[in-house]
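> The structure under discussion is supplied below as structure tokens; questions concerning it will follow.
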């Protein structure tokens, strides 16, 4: 497949618009076109060892779940390992694509895979995603009525305010008088200026309506998951299921206050990777994630919530095999897809 055709298909599989605003997703390194992709190479982390593997296996595009370019690079030299990744990718005509939190959000993504470790359950996103393009602009709609005496002057001043869109006017009859109904969409910042302008005329201000524009939610899409188990499990059995699913000999466990290893787990909140900020404040019997801060763990335990920590990438890496099969179907088996054998969590129990 042509690289640009493949990137388009990957974006359809999980839209980069679903990623968190702080994230760096999509095509990060692009060899000069035209660039044909015969082999797509999947990894959770793109380290130098994994890059060497990708070169040896003649990869044309690396899909690295974590973006190897996150903070801006000021130069591309041989000095630092992330710069060397870019150099080696371009020297060997290998593109680099990263989906990261877009794969966290989609219904068929990382968090859905992680929830399978709990057994039969129903789940909903902890932080639902909204439709990215609706509304396209603005956070508020402002509507008011004005008579002919004030209309032109008000519209002239409103048009001078930045971040205003969808300005429309319609004839209206208010209390038996012919007036004009004005409707506009604006940003939060512009709203303050619009309200300040209208408040200068008490008659206009008294007829003003302000509506908060809320984007519709995408079903089953968003960060984290709150899982309700079909049958409650003991905390001890839940730990064993998670270890088996992630193929780990050990996890870290904090038992919630007033709970024991035999306490039932009915609701589990989970988030792949570093899930402290997503899980915080959620009512559940258990938090399951890769890593959390010490104080977030203390807060959870004090609230009677047990915590299972599996290390960051251990809650993500196992998804790659499922991803390989899903992408093979999505891409109609047009390219060879392989999973890295060198990719591994940097931490181990010593």
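Glycine is no exception: its Cβ is also placed from the backbone N, Cα and C atoms.
Okay, so TrEMBL annotates it like this:
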type    : residues          : note
BINDING : 66, 104, 312, 316 : divalent metal cation binding site
> Per residue, counting other C-beta atoms within 10 angstroms of the C-beta, which of the binding-site residues 66, 312 reaches the highest number?
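Answer by Cβ density within 10 Å: 312.
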> In this structure, which of the binding-site residues 104, 316 has the fewest other Cβ atoms within 10 Å of its Cβ?
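Result for the binding-site residues 104, 316: minimum number of other Cβ atoms within 10 Å at 316.
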> Neighbourhood of the divalent metal cation site (66, 104, 312, 316): other residues with Cβ within 8 Å of the Cβ centroid, in order?
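These residues sit around the divalent metal cation site: 44, 65, 100, 110, 272, 273, 274, 290, 313, 315.
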